[in-house]
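Chemist: The following feature annotations were taken from TrEMBL:
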type     : residues : note
DOMAIN   : 30-204   : domain 'GAIN-B'
TRANSMEM : 209-235  : transmembrane segment
DOMAIN   : 214-469  : domain 'G-protein coupled receptors family 2 profile 2'
TRANSMEM : 247-267  : transmembrane segment
TRANSMEM : 287-310  : transmembrane segment
TRANSMEM : 322-346  : transmembrane segment
TRANSMEM : 374-396  : transmembrane segment
TRANSMEM : 417-439  : transmembrane segment
TRANSMEM : 445-470  : transmembrane segment
Amino acid sequence: LLQSEQHSWLAGLRTLLLNVSRADARDVLITFSPTAGPSRLNTTEKGKAGKIHLPREIFRSLSNQTVRMVVTVLNIQQLGMFKEVNQTAQVLDNTVVGITVGESSISGLQDPVQLMFAHRELPQGVTPQCVFWDPSKGTPCSGQLWAGHRGCTSTHSPSPVPVAGQAGGWRSTGCVTQPGDKGTVCSCDHLTFFTLLLNPALDDSTARALMAVATAGCGVAMAFSIFTMAFCIFIRCRFRFEETVRINLGLHVNLVGSLFLLNLAFLLNSGLSGRSHPRTCGVLGGLTHYCLLCCFTWTALEGCQLYLLFVKVLGIYIHRYLAKLSLVGWGFPVLVVGVAGAIGSYGEYIIQTMDHQVIAHLCWITSKHLLVHYITNCGYFGLIFLFNMAVFGVVTQKSCSLQGTGAVQGHRKPWKVALVAAGLFCLLGATWALAFLTYGISSAAVLYLFTILNSLQGIFIFIWLVVLYYPKTKETTGSLSYIIRHDKTTTASQD
């Protein structure tokens, strides 16, 4: 199969030349590393270096009986090549692998060429992406990936490698990325220059700005949480409300209390985590996790209460109802955190950039136990969010149906309708759902939005409660208590 083999060694450039016979074509296996360059790989050989698998389809489709194949490994930092304008992603090990077979362009492979880029576990917030160099990117030919377009040449042709200052950029068209623990496999349907880009969710300046915004927001949120709890306790004791409204106010106090504790735990975490003893850090991580789960649980209980009020409109009397809700809201997270702590899930969690520069130390769930995070935080909140959004839809439908039948009229202003809807949205934890959109290379804007909205959640709830619950000389017909009372009357008359 391989009639001859030749190596070329220059600073930052390693080349392997192979003459491949078409008559006895088989799959070709090659290993490569940033320092040793490319070399032939036996099928039984194992190692931590990168690997290239070239399918036999490439050679059997050629017209010549013998063809020259060139595999090149380049250090782009030494050579000053493959520099894209405004590039934020980092090239893994500054290594680019070029593959050419013969003199013609090879593309549209049914059996793709596979490159395995070996690497250790990537930092959190970094997304690997298989790409190839497109010399036409940023020119009038940009996007024309195949030969035959007027004035354009094939981006997959074995043309000379680009030098600094030339146009071009990275593209992922035709390549599939398969991340793994020990490396990332790139499956591409053409031959050209390939690499693995490490796309950061955050750069250093963005991460530090987010930490500053979050810290300031936590301080503001704690202040308004105190105002909200004081307001709810004041009107609950000062004015005479029906039992349903008093239970609602009790629920709001507990939810806002959990938000207060969560913000306090975050401030303690960010201030002490880098200098605390490992055991202290574990306790602080468990406390932060507990406060977060309490916040989620009370959000779920708010949704359950709204469900009982608007779907089971006649209600079900439960003795010491608020006390039993408190047992669930504050007790259930204790069980979860206890189990997670028993298996050693809490400790120091480091947020770092692609260059392994430390941005922040946090006491949280360690990287070795991320499954705990995915189950107890992402999974738990995901179920709560789906349920609460269904309840929100029922509440909105009830309100619209009352307005359509003429039951709501007179004093209900559009801004108040919007405020009630926005308040319910925050009350049911919808702003936390933005966390599911903070993954990937375009997440910086979503992270800013997530941080700001959740920092202002206490302010939103305070304004909503003041407008909704503070007694007026004449009861507003758009209030929750009016809608609930009207639903009860309507249901009773229908029965």
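Glycine residues also receive a Cβ, built from the backbone N, Cα and C atoms like all the rest.
Map the listed features onto the structure and describe their local environment.
Modeler: Confidence in the domain 'GAIN-B' (30-204), given as mean pLDDT, stands at 78.
Within the chain carrying the transmembrane segment (209-235), a Cβ under 8 angstroms from the stretch's Cβ atoms is held by residues 202, 241, 249-250, 252-253, 256-257, 259-260, 263-264, 266-267, 270, 359-360, 447-448, 451-452, 454-459, 461-462, 465-466, 469-471, all 6 or more beyond its ends.
Same-chain residues lying 6 or more positions outside the transmembrane segment (287-310) and placing a CB less than 8 Å from one of its CB atoms are 244, 247-248, 251-252, 254-255, 258-259, 261-262, 264-266, 268-269, 316, 325, 328-330, 332-334, 336-337, 340, 346, 363-365, 376-377, 380-381, 384, 387-388, 391, 394-395, 398, 424, 427-429, 432, 480, 483-484, 487.
For the transmembrane segment (322-346), the residues of the chain that approach it from at least six positions outside its boundaries are 247, 250-251, 254, 258, 281-283, 285-286, 289-290, 293-294, 297-298, 301, 305, 363-366, 369, 372, 376, judged by C-beta separation under 8 angstroms.
Same-chain residues lying 6+ beyond the ends of the transmembrane segment (374-396) with a Cβ under 8 Å from its Cβ atoms: 289, 292-293, 296, 299-300, 302-303, 306-307, 310-311, 336, 340, 421, 424-425, 428-430, 432-433, 435-436.
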